[in-house]
Amino acid sequence: MTAPGPACSDTPIAGLVELALSAPTFQQLMQRAGGRPDELTLIAPASARLLVASALARQGPLLVVTATGREADDLAAELRGVFGDAVALLPSWETLPHERLSPGVDTVGTRLMALRRLAHPDDAQLGPPLGVVVTSVRSLLQPMTPQLGMMEPLTLTVGDESPFDGVVARLVELAYTRVDMVGRRGEFAVRGGILDIFAPTAEHPVRVEFWGDEITEMRMFSVADQRSIPEIDIHTLVAFACRELLLSEDVRARAAQLAARHPAAESTVTGSASDMLAKLAEGIAVDGMEAVLPVLWSDGHALLTDQLPDGTPVLVCDPEKVRTRAADLIRTGREFLEASWSVAALGTAENQAPVDVEQLGGSGFVELDQVRAAAARTGHPWWTLSQLSDESAIELDVRAAPSARGHQRDIDEIFAMLRAHIATGGYAALVAPGTGTAHRVVERLSESDTPAGMLDPGQAPKPGVVGVLQGPLRDGVIIPGANLVVITETDLTGSRVSAAEGKRLAAKRRNIVDPLALTAGDLVVHDQHGIGRFVEMVERTVGGARREYLVLEYASAKRGGGAKNTDKLYVPMDSLDQLSRYVGGQAPALSRLGGSDWANTKTKARRAVREIAGELVSLYAKRQASPGHAFSPDTPWQAELEDAFGFTETVDQLTAIEEVKADMEKPIPMDRVICGDVGYGKTEIAVRAAFKAVQDGKQVAVLVPTTLLADQHLQTFGERMSGFPVTIKGLSRFTDAAESRAVIDGLADGSVDIVIGTHRLLQTGVRWKDLGLVVVDEEQRFGVEHKEHIKSLRTHVDVLTMSATPIPRTLEMSLAGIREMSTILTPPEERYPVLTYVGPHDDKQIAAALRRELLRDGQAFYVHNRVSSIDAAAARVRELVPEARVVVAHGQMPEDLLETTVQRFWNREHDILVCTTIVETGLDISNANTLIVERADTFGLSQLHQLRGRVGRSRERGYAYFLYPPQVPLTETAYDRLATIAQNNELGAGMAVALKDLEIRGAGNVLGIEQSGHVAGVGFDLYVRLVGEALETYRDAYRAAADGQTVRTAEEPKDVRIDLPVDAHLPPDYIASDRLRLEGYRRLAAASSDREVAAVVDELTDRYGALPEPARRLAAVARLRLLCRGSGITDVTAASAATVRLSPLTLPDSAQVRLKRMYPGAHYRATTATVQVPIPRAGGLGAPRIRDVELVQMVADLITALAGKPRQHIGITNPSPPGEDGRGRNTTIKERQP
């Protein structure tokens, strides 16, 4: 670690800091610090932290300690604006030491990278030597394994030789999880000579290709679709470990020794100490295993100060806050120690703990005084920076800048102060976080006659003009010694802009690659044959050709066959598009093969679906016919409002905003639905749309189902539009009569621009002067008559609907053009996955968890789902945490009382809300980040998923505890549900089943109907497909009627059966995982054009290497199916070893002549519309007949010739020279060479 030296010019606020440090007060400080005194007490306002740290870092390396993790994030971001990459943030674990939860993989990776840079300052691959490390008191007090900085990461470079098996073994050692498809950090997958690795500190996973043991290529790929990202170049990958306690031979041996001494009892409580030690001895990582570090690691523990270079000073910011925080952390850590191990000890035969609880205390936090004493022993000076005065301290000549907090009068005063300051030749700077905001500030200064201009990054302000900079600075300062005034955007607006590190780790979109994961016994729906049960995947050789099939089981076609007798159906892989998983509530009866029951069920469903489609289309037709208002393009004010958004928009959010604006600018009334989980940024889209409408002189109504939501939106809209002349009012049950009248009058005379309210807005007596846009939040929660009212609005004003229930992608596609949809799948940048704990109910643990939340000034939800005993539950919570303010809420309370209670909880008048599942939807309380659910074994998966979505909605880490009674045995389904929720804890979790359940609800919301009977009858996926087909028919009819043409009713697409001697399959040595192989088959079967087939082939090549011959033939068969479907042919079969039969095919006379000329031995039977053609031989007489791709091409040539169309090439060839693909990669053999 070295002194970062003078500020770098390419860092945004470097020049500004350079100017500030020229003040005598800082020059004296640097001189004083140069002597490295053991103690140094400084006094300055909090806004001077950046300058003090920058001054001290000039003299040599420095460790800065803050009271909270958030303060550390912000200070690190500001220091990076001065010193660039010479600054590192050392985050603390999100978990407390004995919480039985392991810290997140990304946290561990970031910590190990910082410690590695401290230990190896010369390692250029990791960046320049560190000059400043910023951390919170939590990391300072937390003991760690000695020599963590010496733990070697795995480094791979293109062109290097690395034994393939050695690399895989090393990844396992570094605690990476092996999976068949990489989806989150800390995972890796192996496929032949290709290795996919998602390192904890990487933005995207990396695909590494080996040729033998040489690394030939590396490229990043996207988690969403598993395709390479060609724009990003990468030559070296540094993969840090995923845990700080690695299961080395020594650690495993020690665990085995302890486990042998105390064998687990027969009925061990999962998670007992014995259970944990037994697993660790086998090398299985367990959640929360870091807690037993003191008993497994014989060399004692180290502190952060032990990892620093000699003589590095520790600068503690706000020492008073740090001391309080340290005491709280130690107390809560202690509670978790007792809670965790008293439960866990019970797993041994004699019921005594295999480890001494006192000894385990060694992995808990160390007292602050002990850390200070240890620092003194190792020669680290201890310096403090306080805001409270002290006689022996050095007081710096720095003042905090005035703050306007968004009040216009105060902003004018600040501008006047700046004018006066620069008029006397002083220096002034205004720092804003975004480029757009910075440009807007220049305009606003100019409007107030204050000379201002933009500065380049790293430039210092000039005298006589306010320099405006884009950079990471939160609070302004006044430095008389440098004649400098610095104001920030926070000082003006009062809104805290988050320290969005330009590059937060990539947010994960919900997986688009959705392997059809089938396990034996799953119900599936076959379009033609109905509901069957999946048995297995088999490979059969027919006529010398190997093919894979799915075996399905159906009810016996014989009457009285009984449940035992079942019929089997072999589905070839090229017909996989006919299959979908059955989702639809209760388990249905299996269909009979060949019976008419399935056809009848489908006909009924189709009839019901037609009605809905007709209604949707007629509404669409009315909208098309009625002229709406075409809004004008964006104004400069619109750009100003959007630049002031305090967060980085996600890709989905930007797309949705663009789509909404494009709709508004068309003359046809908009009808768009925006789907996205609560907290994914739907409100911001509504704010921008509303503002756009107001710019055109139109009024906006925002309709919400509850008073709480109305208040939340009122606050958000008010804050976002505070600097603009827009009148926003609320109208709900809590609005008193006089105010309600005033609002209603304002709507009639046009003085109110935006009104946010509940269904009161829909009552008679509310008149509008010029309503232009209606925003509806959670439409499904309104009553029937309110929905009808909203529907009637749709034909003449723009309507934007927001829904938190996910909507199936397929439905979204089929509604295109009728109800437009935008889906937001990406979580906001700052959100972390919720840490999920599933375990037995234990009062000590609950008390510790609630206290930990109160420690960070947060709030908690406590879910108890029985109204009869909820008051008793609340009383128990009050006993556990007497200092907390506890309140009860449930659906049977009078509505006014319920809303008031939740309102007061939102206003932070209560700490813990003991409630039923009413919190499941729509509640957005960002300060509540701990959720405790009693009797979690009685909830459904989608309920658990929705409940967990209530917490972790801000920059704080969320915690969810799903508890079950320790003495009650869990049912198998309850166990499965809890295991699923425990495993799927990343954001937008891939909880396919729960999401399906929610999607069924979402589909009902959008279609506005109750169709559960039909959904159950045919299964959800097929139902949605029927909706799509019906809509397409109506849409065609509508277009045809508009053009004065007659319309044909669309027929159900027929399945094409191809049964030829073609060895076409995806070999298991090409794609080893059944799940992924099935996905490959399904993608090819579902391709609906040659272009889509080519795209699937590209993707397979990218993910698994060049296609082997059988896979290329499979693609050729997929193309032939498309050609047959386009020609109306449903059956292509090798009738014998010597002939091929095609049907149905009706040939006019000219085509019959052509057929006889091409194949003299061919037969055409007009009565059955069948053509039979001999299969030619590969050479002269006696040679074998053609097969595989040649045969497929022959059939294709025959079809195109008979239709009088040009020949179509069916085979898939490698476009590059043999042995190389388009990227110049060697593809001759994909298997690794020995």
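Using the three backbone atoms N, Cα and C, a Cβ is placed for every residue, glycine included.
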Among ranges 525-528, 777-780, 1073-1076, whichever one Swiss-Prot labels motif 'DEEQ box': 777-780
Secondary structure content of the motif 'DEEQ box' (777-780), with strand meaning DSSP E or B: 2 helix, 1 strand, 1 coil
Neighbour tally for ASP677 (ATP binding site), based on other Cβ positions within 10 Å of its Cβ: 22
Other C-beta atoms that fall within 10 angstroms of the C-beta of GLY676 (ATP binding site): 26
Local backbone state of GLY676 (ATP binding site), from DSSP in three classes: strand
Densest Cβ neighbourhood among GLY679, GLY681 (binding-site residues), 10 Å radius: GLY681
Cβ neighbour count within 10 Å of TYR680 (ATP binding site): 25
